[in-house]
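> The following feature annotations were taken from TrEMBL:
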- Phe21, Lys44, Arg75, Thr155, Gly156, Asp157, Arg266, Lys272, Asn296, Asp297: ATP binding site (BINDING)
- Asp293, Asp297: Mg(2+) binding site (BINDING)
- 319-579: domain 'P-type ATPase C-terminal' (DOMAIN)
- 353-371: transmembrane segment (TRANSMEM)
- 383-403: transmembrane segment (TRANSMEM)
- 433-455: transmembrane segment (TRANSMEM)
- 475-497: transmembrane segment (TRANSMEM)
- 509-533: transmembrane segment (TRANSMEM)
- 539-564: transmembrane segment (TRANSMEM)
Amino acid sequence: MEILNREDEIERFELLEVLNFDSVRRRMSVIVRSGTGELYLFCKGADSSIFPRVISGKVEQVRARVEHNAVEGLRTLCVAYKLLTFEEYQDICQLLETAKLALQERDKKLAEAYDAIERDFILLGATAVEDRLQDKAADTIESLHKAGMKVWVLTGDKMETAAATCYASKLFRRSTQILELTTKRTEEQNLHDVLFDLSRTVLRQHGSLTRDTFSGLSNEFQDYGLIIDGATLTAVMKPDQDGSTGNYKEIFLEICRNCSAVLCCRMAPLQKAQIVKLIKFSKEHPITLAIGDGANDVSMILEAHVGIGIMGKEGRQAARNSDYAIPKFKHLKKMLLVHGHYYYIRIAELVQYFFYKNVCFIFPQFLYQFFCGFSQQPLYDTAYLTLYNISFTSLPILLYSLIEQHINMDILKRDPSLYRDIAKNSLLRWRIFIYWTFLGVFDAVVFFFGAYFLFDNTTFTSNGQLMTTNTQMMFGNWTFGTLVFTVLVFTVTLKLALDTHYWTWINHFVIWGSLLFYVVFSLLWGGIIWPFLNYQRMYYVFMQMLSSGPAWLCIILLITVSLLPDVVKKVMCRALWPTTTERIQNADKLYQGHLSEFTPLSSLHASHHKAADAHHLNPRSHALQPAPASPPPSRKGSRALEQQVLHTLNTLTRTAHRQRWSEQFQHPTRKRQVIRLSRSEGLLATAAICHLL
């Protein structure tokens, strides 16, 4: 190989041996022969692995420079060398060959050989490379904090470099109190004492409370950030003589639970996986997600519940071993807070709706056995039994699970705290599951006994005519089952329609098309004599049932009674105990889908009875809240105030903002809101608009 030296002269070297890099040594070496025949061993690696093996050179000067560069956030490496004699080179070759040809414990013997060779260096110097954060990395990490997620950084960098990166990425804030659990501190104090001191520090203010619900963003609590290095982590995880890890692991986890963020530096790849495993099997059993961009992150990605690889300059190893691959770190925000939110809402509804509609389907059949002498007589026709889950009710829930958007995508990106409404598997808990089960049983009882008692009416049975043998036969077992099945199909489909927030033409086509398909199929199935059937017990049953006016009344009445409890429950919960998501849904309807462009979401997080108390803390949100108690302004006064607000908007310095707010003001609904606010609060609305811009 050829190298251009400082005198712009080309020097030629012959590569003889390569001592490969590994995460334990944190260094690599090469043996070369120069053009003059001299043998050199060059080594590069982390400062912690190079300085202990150096015997000469400007050690203190280079060490100070490395520390300075690390504080500035630069990634540093140290370079050293030593001159070899021919005899030493022969011994090294023999030692390496013996280790490489070993049939047992080859890796261990290679490590011992590398350790014996890489000694007595002369320090050459150090390198520092700027490792810039990706675009919007800080905003992404801050959004994950607001969403209630704990963010841990596991890196192999120096503590100073990693800490500077954490401040730049907003993992640590300026008000965060940093707690250090490093080798430097454990050398001055016993590890046991250090752990208990940190535990008392973080628990002094919170008592037994953990910071899971605050995620480091509450102003009422002191933020703590923990920094731990690989050597100290090894000591914490080191098992006792009896094979257990003692209380150190539990104390360490307790400290981490009460910290808003954790930084693990000088981590080997296996230690990263060890950290993920420790968290995954803790008593809370949280869902873990690991994201990395290099081969040293593969073990961590494979250990986590969900692994995400970034396709960057460090190769594709992480992306190939991950569950999902993204090109930039900033895409994690949309992936989790938008698509993750939508996915959870859809899958929760899908699972519970499938259970609900099958309870409604099977439970009437169970009840029917008490009235047919347990003769195994089916309540529904075989065609209905077959097509219920295949055709009649499958497409609406399938489409719901693919395109449902209960909140606008822009709102989810603007307000990450909405993710807290679905945190900790809130929609798939036993309470929600029992509610869906109860609703399915209730609807099934209404279907069966409602049809049973109405079916027993002679006026209904005779269709307003004299009862004859033929009509009595026509209104028999299959008519009763068809009536129950008709109410069943319409009820479960309309239940899903009530839960749908994002309506498109596809939703309308699938939901109403499924109901229409059931009616058309029933008419064709019972209205034509099919030659390939040996017997046709449903012939003319559906048409005869629909020819009765009381049958129509029965269908409408039973559907209404079945859906009524769920409607009442939704209305009461939204009125009395609304979640943040429901408040924003209501506000989005109020502003006709333009909430993301007009209303600050922070004003919707607090209930209305707290608005007055929060006025001095958040005047911006208070200023933009409607004032329903104010009297409607006169047309003349409204026109004058409208002109005043428009004049204020025209004086804004930024043209883009002026254009956007002028377009918003032209909307008739929002114009009335601005005028109403201004009449009730003086010129507070105008001042608030200027304050926002």
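In case you wondered, yes, glycine gets a Cβ from its N, Cα and C as well.
Tell me what's around each of these sites.
Long-range C-beta contacts of Asp297 (Mg(2+) binding site), restricted to its own chain and to partners at least six residues apart, with a cutoff below 8 Å, comprise Pro269, Lys272, Ala290, Ile291, Gly309, Ala318.
Here the transmembrane segment (353-371) has long-range neighbours at 377-380, 388-389, 393, 397, 400, 433, 436-437, 439-441, 443-445, 447-449, 452, 481, 484, 488, 491-492, 495-496, 499, meaning same-chain residues at least 6 beyond its ends whose C-beta is under 8 angstroms from one of its own.
Remote same-chain partners of the transmembrane segment (383-403), defined as residues 6 or more beyond its termini with a Cβ less than 8 Å from a stretch Cβ, comprise 346-347, 349-350, 353-354, 357-358, 361, 481-482, 485, 489, 492-493, 496-497, 499-500, 502, 504, 506-507, 510-511, 513-514, 517-518, 521, 525, 538.
With a cut-off of 8 Å between Cβ atoms, the residues of this chain six or more beyond the transmembrane segment (475-497) that come close are 353, 356-357, 360-361, 364, 368, 377-381, 384, 388, 392-393, 396-397, 400, 443, 447-448, 450-452, 455, 461, 463, 511, 514-515, 518, 522, 537-538, 541-542, 544-545, 551, 554-555, 558-559, 562-563, 566.
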> For Phe21 (ATP binding site) and Asp293 (Mg(2+) binding site), what Cα-Cα distance in Å is obtained after rounding to a whole number?
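That separation, Cα to Cα, works out to 18 Å.
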> Could you tell me the C-alpha distance between Arg75 (ATP binding site) and Asp293 (Mg(2+) binding site) in angstrom, no decimals?
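Pair distance, Cα basis, whole Å: 16 Å.
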> Grab the pLDDT values for the domain 'P-type ATPase C-terminal' (319-579) and give me their mean, rounded.
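Residues in the domain 'P-type ATPase C-terminal' (319-579) carry a mean pLDDT of 86 in this prediction.
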> Cα distance, Asp293 (Mg(2+) binding site) to Arg266 (ATP binding site), nearest Å?
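Distance between the two Cα atoms comes out at 17 Å.
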> Just to verify: the residue among Arg75, Arg266 with the fewest other Cβ atoms within 10 Å, which of the binding-site residues is it?
Arg75
> Between the Cα atoms of Asp293 (Mg(2+) binding site) and Gly156 (ATP binding site), what distance do you get, rounded to the nearest Å?
13
> Looking at the binding-site residues Phe21, Gly156, Asp293, Asn296, which one has the fewest other Cβ atoms within 10 Å of its own Cβ?
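Least crowded of the binding-site residues Phe21, Gly156, Asp293, Asn296, by Cβ count within 10 Å, is Phe21.
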